[in-house]
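According to Swiss-Prot, the protein carries these features:
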ACT_SITE  GLU340  active site
COMPBIAS  690-700  compositional bias 'Basic and acidic residues'
COMPBIAS  708-717  compositional bias 'Basic residues'
DOMAIN    625-657  domain 'EGF-like'
CARBOHYD  ASN268  N-linked glycosylation site
CARBOHYD  ASN275  N-linked glycosylation site
CARBOHYD  ASN557  N-linked glycosylation site
CARBOHYD  ASN602  N-linked glycosylation site
CARBOHYD  ASN628  N-linked glycosylation site
MOTIF     167-174  motif 'Cysteine switch'
TOPO_DOM  199-665  topological domain 'Extracellular'
TOPO_DOM  687-775  topological domain 'Cytoplasmic'
Amino acid sequence: MLQGLLPVSLLLSVAVSAIKELPGVKKYEVVYPIRLHPLHKREAKEPEQQEQFETELKYKMTINGKIAVLYLKKNKNLLAPGYTETYYNSTGKEITTSPQIMDDCYYQGHILNEKVSDASISTCRGLRGYFSQGDQRYFIEPLSPIHRDGQEHALFKYNPDEKNYDSTCGMDGVLWAHDLQQNIALPATKLVKLKDRKVQEHEKYIEYYLVLDNGEFKRYNENQDEIRKRVFEMANYVNMLYKKLNTHVALVGMEIWTDKDKIKITPNASFTLENFSKWRGSVLSRRKRHDIAQLITATELAGTTVGLAFMSTMCSPYSVGVVQDHSDNLLRVAGTMAHEMGHNFGMFHDDYSCKCPSTICVMDKALSFYIPTDFSSCSRLSYDKFFEDKLSNCLFNAPLPTDIISTPICGNQLVEMGEDCDCGTSEECTNICCDAKTCKIKATFQCALGECCEKCQFKKAGMVCRPAKDECDLPEMCNGKSGNCPDDRFQVNGFPCHHGKGHCLMGTCPTLQEQCTELWGPGTEVADKSCYNRNEGGSKYGYCRRVDDTLIPCKANDTMCGKLFCQGGSDNLPWKGRIVTFLTCKTFDPEDTSQEIGMVANGTKCGDNKVCINAECVDIEKAYKSTNCSSKCKGHAVCDHELQCQCEEGWIPPDCDDSSVVFHFSIVVGVLFPMAVIFVVVAMVIRHQSSREKQKKDQRPLSTTGTRPHKQKRKPQMVKAVQPQEMSQMKPHVYDLPVEGNEPPASFHKDTNALPPTVFKDNPVSTPKDSNPKA
C-alpha cells in the first residue's frame, strides 16, 4: 500500500474529491497526523477511552516541509455548570434534560515553538477545525469516518486574495438611521465607573444560550447528535476568539425547535430579531438564566444579511442576536456568531482607522467569506468602554467549584471540587502560591488567590477588600479566614441617596432626573408635576399599568408612578414608537408594548418616605420592610439590601464589636506614652542645668569698703551624670506640671482610611436601563 511505502508524516499533494472546495482555499493536501503519547502514562487504555479523559494532546505532522507539533488543551469551559438541552415531542410538550456529555473532545491550543499561533480543534472523529502558524491559517478535516491514529486528513491552506461582500451584517444602514457614528463611544448617561476593577485583568464569563429553529432541525436530518456536535464546535471557536479578550464563553443551554418554530421567522432580519427578543423575554428568561441568547436559523435572510443584533445590550433584556446558518463550513458561521455578539458589546464594524493584527478581524463586515481570528484595536476599545456600564456586572460571576459538573482536571485554569487553586500547566503557571502539579496551595501558605489574599497569606480581618463604589453600596471586609472577598452587598433598600432626591434600591439610586436623561439624553429635565396628572386619564399618553391591551389609569396618589414625563433633550430615539409632546411635557409611546419603555421605574421617590412599586406610590416600610432593621444588628453593623447585618467599615466580622482601629490605637498609646515621659524628664533636667549655669554667670565677687578688690579662686563644680534609671526617679518641680484636671485633651492621629466620615457623594447611580438601543 502507498501508505506503507511513505512516512506517515509526509504531506502529499493530492486532490481530495470528498471535500468541497471552499472560497479562499486554492488547494488542499493530505496529511497523516500522528498522536504523541505522553511518556509518564503507565495505564494501558484503548485510544478512544484514553483520549476521552486526556487533558492535553499533541499531534505531529509535516507542514511546508517542516515538522510541526500541534499542542491541544481540553476546553473545560465550553459547557457551563447546569448545562441543559430542550426539545419538543410530537405533541409540542417541552422536554428539558441535563445530559452527561460523553464526547468531551473539544480543544484549543497552538503550534509549539510558534510566536503567533492558535487552534480550535474537535477530536471527536479525527481532527476537525482550525489552526494558524504565523501568518498562515489552515483548516483540517478527516477523510475517513473511521477514527484511528495516523488516518488521512485534508489540510486546507487558506489564502484569501480579495474580499467578497456577498454576505454582510444587517447593522449597516441601521447605524446611520440612529445618528450614531462608527467606533465612537455612546454617551455615558447611565454609566457607573467601576473604579475598583481593572477590567482588562479580570476574567469575564458569558453564559451563552443557543436556539436552533425547526429549519435547522430538518436541515441536519432531524439528528440531534449531529446538531449538538456542530453547535459545540462553533461554540468552541467563539470561545477561542473571546479568550483573546480575557473572556470565557460557556454554553448554558441549547434548544431545538423540533416540532415547529415558536416565533414567526421571516427573511426580514429586523422582524425576526424583534420576535425572538420578545420570546426570550417572556419564555426563555423565565426558564433559564443566561447572559445572551442567539437564534440560529436555516431561513435565508433578505439581501446580503446573514446576522443582526441589538447594539450595546449585553446583560439587558435585549441581549439577543439572529444568525443565518449560511455556510457548510461551521467556522464561518461561528465567526458570524462572534460578530453579532460583538455588537451586543457595543462594537461597530471595523473601518480604515482600525488596526487588525491578522488578515481579518471579528468585526469586519464581510462575514461569510472570511473567518476571523482576532479583534481589532477599535473593537478592543469599544469592549473596554462597555465595562464602564454597571450592567456588565453580570459577566463577572464565575462558576463556583460546587457548580461545575464535569470531572475535575488540574491544569485547566478552573478551580473545581477538590482543588485549592488552578493556575494552568507548569509552563503557564505564574502563581507562586499554587502548586501547578497538584492544584493545591503550597506548604506554609494559606491562600493562592482572592482579594483577601496577600503574599500567599490571609489579610487581617476587617481590612477592606471591596470599597463602597457610591452611597448605595457597602464596603466588604476580609474575615481573616479566607482569601476571597465576601459577595457584593448594598445599602438597605430605602436608604436616602442623591441628597434626599432618591432612595437606594438594589445598589442603585433611581430618580426621575436620571431616567429622563437616560431616555432623552443630556440636557433633559423632569417635566412639571402638572404633566404627571395626565396619568389619571388612562390613555396611551398617560396611564399606570397595562393589563393585556387595557390601559389602567393612575389613582390620584399614584400619578408620579406612571408614564415618565420630561422636557428638553434629543428627539432621536433608537426605538420604534411615537414621541408625544404637549405644553412643556414630553413622553414616549413605544410600538413594542412588551417592554415598559418610558415608564417610571420601581424604587423612584414619589413623596416623603414614599417610592413607586408596581405603579403605586407606597410607604418605604411597606415596600421594603426595612425600617429600623439596623437597630437589630449587634455591634457596629448595618442592614444590607437583603436585611442581613453587615459590619461597618473598620469593624471586624462577624460580630462587628472589635476594631482594627482600636488595636492600632492601643499600640500608639503603649509606645508614645513612655517616650513622652522620658522626653519631659530629659527636657526638665536640661532646663535645670541651664538655669544653674546662668546663675553662676550672673554672680560677682564682693568687695569691702576702702579695700582693693582682689581675685577669688572659683571652686570647680562637679556635675553628676544622670543614668537612665536615675532619670526615671527624678521628681520635676511642681510648677512644671499642669494642674490635675486642667490638662489639654490628648490628641492622636486619626486613621482616615479606617474610619472615614459619612459622606454622601454627589454621584448618583442609575437604574439599569430596560431599553433596547438598537444600532
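Using N, Cα and C of the backbone, Cβ positions are placed for all residues, glycine too.
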Sequence-remote partners of the domain 'EGF-like' (625-657) [C-beta within less than 8 Å, at least six residues beyond its ends]: 461-462, 464, 468, 474-475, 477, 479-480, 486, 489-494, 504, 506-507, 754-756
Neighbour-count leader, CB within 10 A, glycosylation sites: ASN557, ASN628: ASN557
Alpha-carbon spacing, ASN628 (N-linked glycosylation site) to ASN557 (N-linked glycosylation site), which is rounded to whole Å: 26
Neighbourhood of ASN275 (N-linked glycosylation site), C-beta criterion under 8 angstroms, separation at least six: ILE263, LYS264, ILE265
Pairwise Cα distance for ASN268 (N-linked glycosylation site)/GLU340 (active site) [Å, integer]: 16
Conformational class of ASN602 (N-linked glycosylation site) under the three-state DSSP mapping: coil
PLDDT averaged over every residue in the topological domain 'Extracellular' (199-665): 87
Integer Cα-Cα distance in angstrom, GLU340 (active site) to ASN557 (N-linked glycosylation site): 45
Separation of alpha carbons, ASN602 (N-linked glycosylation site) and ASN557 (N-linked glycosylation site) (Å): 15
Nonlocal neighbours by CB distance (under 8 Å) for ASN602 (N-linked glycosylation site), same chain, sequence gap 6 or more: LEU505, PRO510, VAL611, CYS612, ILE613, ASN614
Secondary structure composition of the domain 'EGF-like' (625-657) [DSSP: H/G/I, E/B, coil]: 3 helix, 8 strand, 22 coil
ASN268 (N-linked glycosylation site): tally of other CB atoms within 10 A of its CB: 18
Assigned conformation of GLU340 (active site) - DSSP reduced to three states: helix
Other C-beta atoms that fall within 10 angstroms of the C-beta of GLU340 (active site): 27
